[in-house]
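Here's what Swiss-Prot has on this protein:
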type	residues	note
TOPO_DOM	1-14	topological domain 'Mitochondrial intermembrane'
TRANSMEM	15-45	transmembrane segment
TOPO_DOM	46-59	topological domain 'Mitochondrial matrix'
TRANSMEM	60-87	transmembrane segment
TOPO_DOM	88-230	topological domain 'Mitochondrial intermembrane'
BINDING	His161, Cys196, Cys200, Met207	Cu cation A1 binding site
BINDING	Cys196, Glu198, Cys200, His204	Cu cation A2 binding site
BINDING	Glu198	Mg(2+) binding site
Amino acid sequence: MAHPTQLGFQDAASPVMEELLHFHDHALMIVFLISTLVLYIIIAMVSTKLTNKYILDSQEIEIVWTILPAVILVLIALPSLRILYLMDEINDPHLTIKAMGHQWYWSYEYTDYENLGFDSYMVPTQDLAPGQFRLLETDHRMVVPMESPVRILVSAEDVLHSWAVPSLGVKMDAVPGRLNQTAFIASRPGVFYGQCSEICGANHSFMPIVVEAVPLEHFENWSSLMLEDA
């Protein structure tokens, strides 16, 4: 969950998000080292009037500043490609949920069950209970079992939307007439908040997403109650 004055990412709640955080730190360190080197060179050039005649036409320097950027790009590209393939990998999902974007709410359908689905609307500010978050709470949460692969099928009924939950490392575009898919594994129990991440009209800011990860037995009890009420 994000909080005021936060400078970093939200706490990771899935293996993919943990990998993304590690890659961010890895890339940021490379950027920091390059920036430090460039700043040192600029300060050295400005602070002295002396000129080294041996570097005016140095083949060694030409070789270094050609090879070094190539090595840096490889060091960034390899972990990036690894995470890219991890995000696209969907192996034997235990649960499949279809998320449909509407103006301006989400609807969810648990395709492994015969009649388990619901619409999820934002809770108005005046109806919030103590401790709930403004513009982030919904009347129905998307409940998933923790430590289980969950596949999300994402589409839209009207215009472009985007289903995104930062703590889970998930962001998938919802395109009318197209079915996109992604997957995640919630590594710990908790309530994780997200929002529509594609401008979709006047009430774009009022399309929150709430994912609640619970132990498997709690999920089975919840699904049984939902099926009884259907």
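Backbone N, Cα and C define each Cβ position, glycine as well.
Recorded features from Swiss-Prot, shown on the structure.
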residue: His161; record: Cu cation A1 binding site; Cβ within 10 Å: 30
residue: Cys196; record: Cu cation A1 binding site; Cβ within 10 Å: 26
residue: Glu198; record: Cu cation A2 binding site; Cβ within 10 Å: 18
residue: Cys200; record: Cu cation A1 binding site; Cβ within 10 Å: 21
residue: His204; record: Cu cation A2 binding site; Cβ within 10 Å: 16
residue: Met207; record: Cu cation A1 binding site; Cβ within 10 Å: 27
How do the residues of the topological domain 'Mitochondrial intermembrane' (1-14) split into helix, strand and coil according to DSSP?
0 helix, 0 strand, 14 coil
Would you mind listing the long-range same-chain contacts of the topological domain 'Mitochondrial intermembrane' (1-14), meaning Cβ under 8 Å and 6+ residues beyond its ends?
20-21, 24, 133, 166-170, 184-188, 190-193, 213
Check the DSSP secondary structure of His204 (Cu cation A2 binding site), expressed as helix, strand or coil.
helix
Cβ within 8 Å of the Cu cation A1 site's Cβ centroid: which residues qualify beyond His161, Cys196, Cys200, Met207?
Gly101, Gln103, Trp104, Trp106, Leu160, Ser162, Ala174, Gln195, Ser197, Glu198, Gly201, His204
Which residues, same chain and not among Cys196, Glu198, Cys200, His204, have a CB within 8 angstroms of the centroid of the CB atoms at the recorded Cu cation A2 site?
Gly101, Trp104, Val159, Leu160, His161, Ser162, Ser197, Ile199, Gly201, Met207
